[in-house]
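Enquirer: Copying in the features that TrEMBL gives for the protein in this structure:
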{"type": "DOMAIN", "residues": "A:454-574", "note": "domain 'STAS'"}
{"type": "TRANSMEM", "residues": "A:20-37", "note": "transmembrane segment"}
{"type": "TRANSMEM", "residues": "A:43-67", "note": "transmembrane segment"}
{"type": "TRANSMEM", "residues": "A:74-95", "note": "transmembrane segment"}
{"type": "TRANSMEM", "residues": "A:101-122", "note": "transmembrane segment"}
{"type": "TRANSMEM", "residues": "A:134-152", "note": "transmembrane segment"}
{"type": "TRANSMEM", "residues": "A:172-197", "note": "transmembrane segment"}
{"type": "TRANSMEM", "residues": "A:217-240", "note": "transmembrane segment"}
{"type": "TRANSMEM", "residues": "A:266-294", "note": "transmembrane segment"}
{"type": "TRANSMEM", "residues": "A:306-324", "note": "transmembrane segment"}
{"type": "TRANSMEM", "residues": "A:344-363", "note": "transmembrane segment"}
{"type": "TRANSMEM", "residues": "A:370-388", "note": "transmembrane segment"}
{"type": "TRANSMEM", "residues": "A:400-428", "note": "transmembrane segment"}
2 protein chains.
Amino acid sequence: MLSLRRYFPIFDWGRRYDRAALSSDLLAALIVTIMLIPQSLAYALLAGLPPEAGIYASIAPLVLYAIFGTSRALAVGPVAVVSLLTASAVGQVAVQGSAGYAAAALSLALMSGLMLLLLGFLRLGFLVNFLSHPVIAGFITASGILIATSQIKHLLGIEAGGHTLPKMVASILAHLRETNIATLVIGMSVIGFLFWVRRGMKPFLLGMGVPPRFADILTKAGPVAAVAASTAAVSVFGLAERGVNIVGEVPQGLPPLTLPALSPDLLGALLMPAILISVIGFVESVSVAQTLAAKRRQRIDPDQELIGLGAANVGAAFTGGYPVTGGFARSVVNFDAGAQTPAAGLFTAIGLGIAALAFTPLVHDLPNATLAATIVVAVLGLVDLSILRRTWNYSVSDFAAVAATIVLTLCLGVEIGVASGVATSVMLQIYKTSRPHVAEVGLVPGTQHFRNVLRHRVETDPTLLTLRVDEALYFANARFLEAQIQARVTEGCRIRDVVLMFSAVNAVDYSALESLEAINFRLRDMGIRLHLSEVKGPVMDRLKRSHFLDELTGEVFLSQYDAWRCLRDERQSAAAE
Amino acid sequence: MLSLRRYFPIFDWGRRYDRAALSSDLLAALIVTIMLIPQSLAYALLAGLPPEAGIYASIAPLVLYAIFGTSRALAVGPVAVVSLLTASAVGQVAVQGSAGYAAAALSLALMSGLMLLLLGFLRLGFLVNFLSHPVIAGFITASGILIATSQIKHLLGIEAGGHTLPKMVASILAHLRETNIATLVIGMSVIGFLFWVRRGMKPFLLGMGVPPRFADILTKAGPVAAVAASTAAVSVFGLAERGVNIVGEVPQGLPPLTLPALSPDLLGALLMPAILISVIGFVESVSVAQTLAAKRRQRIDPDQELIGLGAANVGAAFTGGYPVTGGFARSVVNFDAGAQTPAAGLFTAIGLGIAALAFTPLVHDLPNATLAATIVVAVLGLVDLSILRRTWNYSVSDFAAVAATIVLTLCLGVEIGVASGVATSVMLQIYKTSRPHVAEVGLVPGTQHFRNVLRHRVETDPTLLTLRVDEALYFANARFLEAQIQARVTEGCRIRDVVLMFSAVNAVDYSALESLEAINFRLRDMGIRLHLSEVKGPVMDRLKRSHFLDELTGEVFLSQYDAWRCLRDERQSAAAE
């Protein structure tokens, strides 16, 4: 029963479900449904898919996440960055608009879903740790710029292509003369209106005496108003005949049962994008879920989140959708509107199902420029170049990771951008730990403490060299330690004993073990003994499994003070003889 | 002058050169020259190059290393593993025996040389730290097996190909029926003789009353005796006409001036192999040099070693050679024979120059099987499968890195093998540090020390949670810390204050900073304050460059005891009011 509840959190909250939660959830679902209709159409456009794919991707995935997910407020569906990744991946294997394109998007959702499920069952969520915050921030910012640029063609009513910034800009410039003025006017008006909705509408309504809660709901309905007004304008003025691209026929009905394409070549080509979508989607979703859970002192389980998102993506693959994840904007709206349990997601799914059944004819005359405008306004919130300044102030290596990710994502594409960011941050981390702080220490007079000889007035002995290493020893710094000791020993020609103080050494891997053995033998060849002091329990346990302690020319002292006292006594008795 | 001496160590030892050093160096050069003649021919065979390439690769590189290198005893030239890497890389871009093949080998030496020089001037030697000892050990062992297997065709006198173990074995089995019996007899006799030379000859000579020093020199001349005897056998019995493959015509003369091929396609194809040869060659060379330097309490400078090896490879590229590095066997012989300075290398180069001018007709009838036999006997010493057992006993993650390297090198080739080994060890290192030890601590009664509540009897307070994190905080463990704190705080519902004890936190990168900020805000949303204690100086300096300390809901305490006392007093006075 416990494991059933672990894998099906719905049994946990479902048993305590009551009327109060029901009414909160119903209200939240209504607000989110109104917000999601234009958003889903817009993200499908961004992904290069027919508009209904966006609606379908918000139905089954919401139901499945409600069953398997652990966050009370997360809303799952198409999001901007994952839609961009889908367009970039599927665009490489199929022509946009073809049947193969939609089928490849389903395959991508299936692969991504299966990967997330696998990571969840194997409890391998730690793999997302390879993405550092600067890499994610850089990637999201660069994606926002790419997405906004990709919508310019819809705002101008021209044909243009490209998946990198230079190619997109070149393509737009080449077709600039074909701009459709009516389209441009619609697009710019909607952008202007939406910015006003975001910044000026709520204060305006409050000034008019509208109650705050109602003003809030009206503000969220802003995009719907833009959709309604621009659709009406197209119908009334017959703008479709003047070259304004519209959404057109959207099939009426519930999500169909679809089968992803499964040819090995296709799956091979989509493997890397699927990994990227899984990881980026999971990271975005988990950070939203954690932030919202903390506000109500709730917990989410990251490994179970992998299962919830995995199930949602598998669901999208079989119901005409495309890859989905937990979205920031929709989740915050859901949370603010008072959603108490994942049942709010179930109700939203029902709302969208009704919309798909009954309301799709209403969007026939909706101009693509309106959808593009809603995307542009939404993603400009993702663009945050201040991360460059903030990391620059904090540390150069974090800045390097951000800058590499942004520049390479913009110029070479999303996959190379993220991969380079990960590689950069891993390499810099290894570089930073490859040159650990090694301090020569001496005894602080009148105490049993040993401190850095360069910073404190301490007692030392010319025949004894004591070094404190401030880092776990592993392959990246093993050779550095060898070189450091060799250098210091050849400088002090009277040295007879070397003590390595291990108080800050949290681990010793096999490379470091071999380096310690080499150091031991090289010192022996010079007639110098090697000792250790203050070795931590887990490190000592490991060393005991090797021959190192048998071969060690000196001793292992419990404390550095013991080492000092014992070696000094030994020397004095030798001198007395 | 100092910088001149830094880049030209020859000015350092050259000024103090005397008659005693001269005679030691001359004797060492004589012994090494005798040993190198068959070895150079054999490694050229392994690299798929004409025999003279091996001799040429031992002349200019020795001279250049003597000028720029810092080791007193290192002998530079063709070595087994680098020859294998050359064969594998050049075999992918040209047909063995063609002019393009030799030119590509020169290009490989040039690229590798320029890379080493660049790394040396930029002092980027740390990059080799990405190769952990288990990866190197696994790679050397797998290379030994590949090299020995690649020589079987010469021992059988058959044609066979392949660069991976399964392909080589399949190819040998397919051609097994074409075995030339005379070749097989020569090969097996030489292998048997060389093993006897290694194991039984010295005791035998000592038993005959030969003085130890002379017995030593005779033992080192063993391969030369095998070369002479098998060459004589071929000449006397006319075995070349019976299908025994022989070395044949070797041009007489000093190394020619050669120009590497420089087409962009070729250089692109050789880029990854050149990186691999540079790194593997440098690592092998530096560890030999460090071991020998320590025996005489001397130092080597790894960054200057990059320059020495780089110059040697550039030299090889323009004098008909191929990639070279410092060899273990030849350096040990040079050291044991008494070489005092790099001048021994200069004299060896002169000896090999004389051999190239005068003695090449002598090896016309030398059977390839003899050379293959010397390679097999030499490389079997590299094969050490005990590394699997030793790492298994010490730590599973090191074992995984060795096993992956060995299996993938044998089955998929040298480049994929090393790359996978590096990726495995880096990922395991990040995994290990991604779940740091986080202990809840309490006050040891009667002291000011705080210890783990699970291991010690300590005082705690239900409204105060104190956690000690035993690892530097960076992107790989930042999210883990967030989840840990969230989990512990939701368990203890009376908690009002959380103190993070930073005594073992050596660093906080930008990802960890953002996680700390997120933790701070989430705790604030729960009505809990966050405090830090015992923050190290460098970490505090960095935190001060961000807004974190301004936003922190609690305080930064100098010591954990201060935090305990202050928070307890505050609570008591609040309770009293």
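Here the Cβ of each residue, glycine as well, is placed from N, Cα and C on the backbone.
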Enquirer: Is it the case that the transmembrane segment (A:344-363) and the transmembrane segment (A:20-37) touch, counting contact as three or more CB pairs under 8 Å in which the residues of each pair are 6 or more positions apart?
Expert: yes
Enquirer: Give residue numbers and ranges for long-range contacts of the transmembrane segment (A:134-152): same chain, 6 or more residues beyond its ends, CB-CB under 8 A.
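Expert: For the transmembrane segment (A:134-152), the list is 46, 80-81, 83-84, 87, 160, 163-165, 168-169, 172, 280, 283-284, 372-373, 375-376, 379-385, 387, 391, 398-399, 401-406, 409-410, 414, 417-418, 421-422, 424-425.
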Enquirer: Of the listed stretches (A:20-37, A:74-95, A:101-122, A:370-388), which one yields the highest count of Cβ-Cβ distances below 8 Å with the transmembrane segment (A:172-197)?
Expert: A:370-388
Enquirer: Per DSSP, what is the residue count of the domain 'STAS' (A:454-574) in each of helix, strand and coil?
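Expert: For the domain 'STAS' (A:454-574), the helix, strand and coil counts are 60 helix, 22 strand, 39 coil.
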Enquirer: Under an 8 Å Cβ to Cβ limit, what residues of the same chain, 6 or more beyond the ends of the transmembrane segment (A:370-388), are close to it?
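Expert: Residues 38-39, 41-43, 45-46, 80-81, 134, 137-138, 140-141, 143-145, 147-148, 151-152, 154-155, 186-188, 190-191, 194-195, 198, 223, 226-227, 230-231, 247, 329, 399, 402-403, 406 contact the transmembrane segment (A:370-388) from elsewhere in the chain.
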Enquirer: Taking every residue in the domain 'STAS' (A:454-574), what is their average pLDDT?
Expert: 88
Enquirer: Any chance you could find the range in A:20-37, A:43-67, A:101-122, A:217-240, A:306-324 with the most Cβ pairs under 8 Å to the transmembrane segment (A:266-294)?
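Expert: Per the Cβ count, the answer is A:101-122.
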Enquirer: Looking at the transmembrane segment (A:101-122) and the transmembrane segment (A:306-324), are there 3+ C-beta pairs under 8 A, with each pair at least 6 apart in sequence?
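Expert: Yes, the transmembrane segment (A:101-122) and the transmembrane segment (A:306-324) are in contact.
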Enquirer: Which one of these stretches, A:20-37, A:43-67, A:306-324, A:400-428, has the most C-beta pairs shorter than 8 Å to the transmembrane segment (A:217-240)?
Expert: A:20-37
